[in-house]
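Student: Take a look at the following structure, please.
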Amino acid sequence: MVSRYDPKSKKIHHYPATACLVPICSLHGAAITTVEGVGSIRKRIHPVQERLAKCHGTQCGFCSPGMVMSIYTLLRNHPEPTPDQITEALGGNLCRCTGYRPIVESVKTFSPGSTVCQMKGSGKCCMDPDEGSFVSREEKMCTKLYDEDEFQPLDPSQEPIFPPELIRMAEDPDKRRLTFRGPRTTWFVPVTLEDLLELKASYPKAPLVMGNTSVGPSIKFKGEFHPVFISPLRFPELHLVKNTENEGEQQIPFDGAFLEGSPETNLKPEWVVVSVSIPYTTQWHFVSGLRLAQRQENAVAIVNAGMSVEFEEGTNIIKDLQMFFGSVAPTVVSASQTCKQLIGRQWDDQMLSDACRWVLEEIRIPAAAQGGMVEYRRTLIVSLLFKFYLKVRRWLNKMDPQKFSDIPEKFVSALDDFPIETPQGIQMFQCVDPNQPQQDPVGHPVMHQSAIKHATGEAIFIDDMPPLDQELFLAVVTSTRAHAKITSLDASEALACPGVVDVITAEDVPGDNNHSGEIFYAQDEQALEHNSFLSSEKKIEQGNVEYAFEHVDQVIEGEIHVEGQEHFYMETQSILAIPQAEDKEMVLHLGTQFPTHVQEYVSAALKVPRSRIACYMKRAGGAFGGKVTKPALLGGVAAVAANKTGRPIRFILERSADMLITAGRHPLLGKYKIGFMNNGEIKAADVEYYINGGCTPDESELVIEFIVLKSENAYSIPNFRCRGRACKTNLPSNTAFRGFGFPQATVVVEAYITEVASKCNLLPEEVKEINMYKRTSKTAYKQTFNPEPLRRCWKECLEKSSFYARKQAAEEFNKKNYWKKRGLAVIPMKYSIGMPVAFYNQAAALVHIYLDGSVLLTHGGCELGQGLYTKMIQVASRELNIPQSYVHLSETSTVTVPNAVFTAGSLGTDTNGKAVQNACQILLDRLRPIIRKNPKGKWKEWVAKAFEESISLSATGYFKGYQTNMDWEKEEGDAYPYYVYGAACSEVEVDCLTGAHKVEGAFIQGMGFYTIEELKYSPEGVLHSRGPDDYKIPTVTEIPEELYVSLVHSRNPIAIYSSKGLGEAGMFLGSSVLFAIYDAVAAARRERGLSGTFPMNSPATPEVIRMSCTDQFTDMIPRDDPSTFTPWSIHVS
């Protein structure tokens, strides 16, 4: 938080700051508060930190200090914030774990009246079950995730005061120019306007830096260099908004010539803009600004527009018209010719028709324009013009209702932008049995074991570890070509750069440079043999598919493309490799899901036994599958450098390098042929899946196996065939990602179900109900399961979401609105947990009891934010019957628990929990004779007595794993230990003119995948989207306005304490948003006389939505022949 004193108003202003963008020199005279200054465990934690932690607003914890600072700054300015202020304050922060809801919840506790039931004044609480409802027969449900009575109050009078010395400095009448000189640059801070003009005259090319949001990124990402900076932050004249009639020394009209950057109107280098004068409009003058972006906040516009029209008094005859468009060319573009031609015309439909035609002729976006989306941007030009036309028509009608008719009622909603609402929601879960011992924590919503440390910034991540003596940084050089041979390497220029110690190449790898098909350092001779598949075909089949196709009423065929997704974990790949002085030992600290894998790869690269490679993993700042295999490859790279130089290597990937190198979710192409009866019953399905694996094997074979095995989702189709292949391409290798192929593949399933519904004139939900598994059955690969919990989830979801009532309301809305449409979708899910390979399900743990009674627990699982350590402490607490405070869990390492498998597949708690339970039970068995002799004794006494009797107080626990198997030759097996089930209903409203949409129910990372997250590749395979600038994950403004989650009570006898792996399953439920969008677009298309079925590929970006809502505006845009140009970006599914 940056705090400044304003000598004019005598007030102190607090601002949240993005630290990496704030130049140190700009902070002269400001007071800085960091997360350490807000509160700490050592001194005292602040209410903001406490509530964020206790409201479960932290998971991996990497974004938590930033959240704390945004909330803290908000409360310093507004101690009782309104919902709008909360959303505004959090709008610039990103989080990938929590979905934002618990973070918003924690801030709402500071608002007055925040705990009132929010069912929009209906007087009915959403928690009251309907009469005869499904839920009322269940156990009591709880919604309370934290206890407000525990919170310490916020007392603004206890905050640190603004330093009086800084007030004296700010009020000093004799301020002088400040100059900061560095070895390469000079930073000037002028104090008067004359001083500023003098500096500009002396250094005309020096940039003026106020917020550094433009100059900073250009220096960081484009390599710009400026020897001089001028920062006029110290005189407030340049950042005040005031009503004034004064005119400046020289005025430049803010018109087309200026906005288009024409030389004669451009600012001269020595000029400084001191004010912008915005005149009031006159009575018959109307001005409007319009924009559309991929995301509501922190996103550059896809197209924006500013338009102004002035009429002859009392008429609708155009006297003056101006139209400017942004993001359609390198500078702002004025449609001046069109405007000239329209002067003197009446503001009517014929004028609009000519204006659209002429503006498209005047503003031509080249087919290969940077940023792509060319046809969409052309459509937006005329769509925004149409919105302006409607706004002006409305306004004319208000001016004189007799003279000017209003716009049709069905068009009115087109004028409103979607409001940014503060999200709200409820989570319902089974209450803990009142008879459960008070000390037993299992089943309670326990705060994350590191939550307070996350919120105070005291949780240590890899890059927080202090620098080691002689430590070096490693930066990677990546190929600029997707498919090429290295003909020669010349490192001389790099070695001549100041600070460069060495350049590491393939020749420096002492061991294996190509381990299991993954290459550490590029080599010229490794041109791999051409084979377009990474693995053999995987197939399952049941029934007689060909025969069934001949005996159905209808057959449909189609294909669906699902694009990839970037993990966008908050902490990029981070490794600290420390070579040891003896025996070629190497220590690595890293954020990973699979320390054993890192150990294996480093051992192979260095040609050293695994026993000499120690990998330590305390926590990762998010992972989502992206830290299963990739840290092994990068760990090998770092270890080779540490081995060659003999010095510690810190290897922290920049976001752009991380996105480029580590790739993400597999893009998928699904082809289907479906045979069904007219009543909606599906008799036959033949489905083929192809995934884009990239250039090396990675996990692609396992992903395609998962896709094929999970390809039925919740539906029983008697004649079913599914085949899958992983394709090899010249792109970076795709890898594991939450859901492991299921979120992509099942879009295809839901798409063909939706198409069948359309052909049968039924609701998709009716076709789902008809074809859903109904009784204990066998899957297509002959595994028996009971779908009863699936049916319960489905029924409860329809009931709690009031689906049919909402559907009816949406249809009413759609009848009354032409340019906005609402859609609903309910998606069922049958999701398998675990691995079809038995040895991947094993786990081990090590538990030590010390003589003071404290317990140290380690296991092979990795803490990624999912709370695994917290849950393991709960297990030990219950099994040993001791308070949680007695149990400590420090980190995971290959030294304490060897050969541990990955923490992935939602299995971490299940398997490691069983291992911890086993170790605790072994220890308790050893202590039993002592407890029997002294049943009233204390834990500490029993432990001391055991030591005296030479009883070992340390035990290894082991879980052999779920005994799963899959025989691909026979196409059958007990592939998964158990299934989890779910259902989600989403309601969406879309703007048919722009493609913008508003959601009312989804799971956030999945929702991002299916809607706004879009990876863009050049036709040559270069990734364009390499950072938050051009890859948009959901922010707090994208999340559903209302989100209700309930956990249905069911038993799981084979897992520890009836555990259910839910980490990944929720990802796919976000597709309910995709299909709700599909439903809304289908409504728009039907009204326009178009076919209801159309390929709704994923992601359904604003571009896809807009271009699917075909209308007169999409029909009028110019289209280019694809053979005549190379597009800026292509799809890779």
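Quick reminder: no glycine exception, Cβ is built from N, Cα and C everywhere.
Sharing the feature lines straight out of TrEMBL:
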- GLU1064: active site, proton acceptor (ACT_SITE)
- CYS20: [2Fe-2S] cluster 1 binding site (BINDING)
- CYS60, CYS63, CYS95, CYS97: [2Fe-2S] cluster 2 binding site (BINDING)
- LEU208, VAL209, MET210, GLY211, ASN212, THR213, SER214, VAL215, ARG291: FAD binding site (BINDING)
- GLN593, PHE624, ARG738, GLY905: Mo-molybdopterin binding site (BINDING)
- PHE740: substrate binding site (BINDING)
- 180-370: domain 'FAD-binding PCMH-type' (DOMAIN)
Student: Which site among CYS20, CYS63, LEU208, MET210 has the most other CB atoms no more than 10 Å from its CB, taking these as binding-site residues?
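Tutor: The largest 10 Å Cβ neighbour count belongs to CYS63.
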Student: In the same chain, which residues outside the set CYS60, CYS63, CYS95, CYS97 have their CB within 8 A of the centroid of the CB atoms that define the [2Fe-2S] cluster 2 site?
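Tutor: Near the [2Fe-2S] cluster 2 site, beyond CYS60, CYS63, CYS95, CYS97, sit THR58, GLN59, GLY61, PHE62, SER64, ARG96, THR98, MET570, GLY621, GLY622, GLY865.
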Student: For the binding-site residues ASN212, SER214, GLN593, which one has its C-beta crowded by the most other C-beta atoms within 10 angstroms?
Tutor: GLN593
Student: Give me the CA-CA distance between LEU208 (FAD binding site) and GLN593 (Mo-molybdopterin binding site), in Å, as a whole number.
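Tutor: GLN593 (Mo-molybdopterin binding site) has its Cα 45 Å from the Cα of LEU208 (FAD binding site).
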Student: With FAD as the bound species and LEU208, VAL209, MET210, GLY211, ASN212, THR213, SER214, VAL215, ARG291 as its recorded binding residues, calculate the greatest Cα-Cα distance and give it in Å as a whole number.
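Tutor: With LEU208, VAL209, MET210, GLY211, ASN212, THR213, SER214, VAL215, ARG291 as the binding residues for FAD, the largest Cα distance is 27 Å.
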Student: If you compare CA-to-CA distances from ARG738 (Mo-molybdopterin binding site) to each of the binding-site residues CYS60, CYS63, MET210, ASN212, ARG291, which comes out shortest?
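Tutor: Nearest in space to ARG738 (Mo-molybdopterin binding site), counting only the binding-site residues, is CYS60.
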Student: Taking the Cα atoms as reference points, how far is ARG291 (FAD binding site) from CYS95 ([2Fe-2S] cluster 2 binding site) in Å?
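Tutor: So the Cα of CYS95 ([2Fe-2S] cluster 2 binding site) lies 25 Å away from that of ARG291 (FAD binding site).
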Student: Can you tell me the CA-to-CA distance separating GLY905 (Mo-molybdopterin binding site) and CYS97 ([2Fe-2S] cluster 2 binding site), as a whole number of Å?
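Tutor: So the Cα of CYS97 ([2Fe-2S] cluster 2 binding site) lies 16 Å away from that of GLY905 (Mo-molybdopterin binding site).
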Student: Let's check the environment of ARG738 (Mo-molybdopterin binding site): how many other CB atoms sit within 10 Å of its CB?
Tutor: 25
Student: Can you grab the distance from CYS97 ([2Fe-2S] cluster 2 binding site) over to the residue listed as '[2Fe-2S] cluster 1 binding site'? Cα atoms, rounded to a whole Å.
Tutor: 22
Student: Give the sequence-ordered set of same-chain residues, not counting GLN593, PHE624, ARG738, GLY905, with Cβ within 8 Å of the centre of the Cβ atoms defining the Mo-molybdopterin site.
Tutor: ALA623, GLY625, GLY626, VAL628, ALA736, PHE737, PHE740, LEU864, THR903, ALA904, SER906, GLY1063, GLU1064
Student: Would you list, in sequence order, the binding-site residues among CYS20, CYS63, CYS95, GLN593, PHE624, PHE740 whose CA lies within 10 Å of the CA of SER214 (FAD binding site)?
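Tutor: Passing the 10 Å Cα cut: none.
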Student: 10 Å Cβ neighbour count around PHE624 (Mo-molybdopterin binding site)?
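Tutor: The answer is 29.
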Student: Would you mind listing, in sequence order, the residues at least six apart from the residue listed as 'active site, proton acceptor' in the same chain with a Cβ closer than 8 Å to its Cβ?
Tutor: ARG738, GLY739, PHE740, PHE742, TYR831, GLY905, SER906
Student: Return only the integer: C-alpha distance in Å from CYS20 ([2Fe-2S] cluster 1 binding site) to MET210 (FAD binding site).
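Tutor: One finds 15 Å between the Cα atoms of these residues.
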Student: For CYS95 ([2Fe-2S] cluster 2 binding site), what residues in its own chain, 6 or more apart in sequence, show a Cβ-Cβ distance under 8 Å?
Tutor: CYS63, MET67, ILE103, MET570
Student: At the level of the C-alpha atoms, what whole-angstrom distance separates CYS60 ([2Fe-2S] cluster 2 binding site) and MET210 (FAD binding site)?
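Tutor: With the alpha carbons as reference points, the distance is 34 Å.
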